[in-house]
Amino acid sequence: MKEIKKMLTDMQKKIIDEIELERSQSASAITHDIGDSIDLASEERDRELYQLLCERDRRKLEQIRQALERIEEDTYGVCEECGADISKKRLMVMPFAELCVDCKNEQERVQGKDSLNLDSGLPGFMDSEEEEL
């Protein structure tokens, strides 16, 4: 468990360091470009990309925080869906995993089916359940 906890805290530190670096580079670029002619479209695209990266980093930091909390509560490594142990191999690859492989596969299968159902309103595309009606 110490190995995984260290992995999580190292990941957390790396993400925080990357956020700080991106912030300082962004601030530097803004002050540098004040006197230059600025391509506004490029600047807007860079700003949107930065926001997307920040959001992704915030989500990952939250997942890490929750995993560290589960370690403290002694519930780490237990699937939140079925209660089975999550394999050590999976935890080494994805230390903030909340679901075992089987439950994660099922979740993705259901989410995939749900997204396909959104498109099923097209003529000629029906669920097998709809065809039976």
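We number each residue from 1, going along the chain as drawn.
Any Cβ shown, glycine's included, is placed from N, Cα and C.
Taken verbatim from TrEMBL:
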| type | residues | note |
| --- | --- | --- |
| DOMAIN | 75-109 | domain 'Zinc finger DksA/TraR C4-type' |
| REGION | 112-133 | region 'Disordered' |
| ZN_FING | 79-103 | zinc finger |
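For the zinc finger (79-103), the number of residues in each DSSP class (helix H, G, I; strand E, B; coil) is 9 helix, 1 strand, 15 coil. Per-residue pLDDT, averaged along the domain 'Zinc finger DksA/TraR C4-type' (75-109), amounts to 96 for this model.
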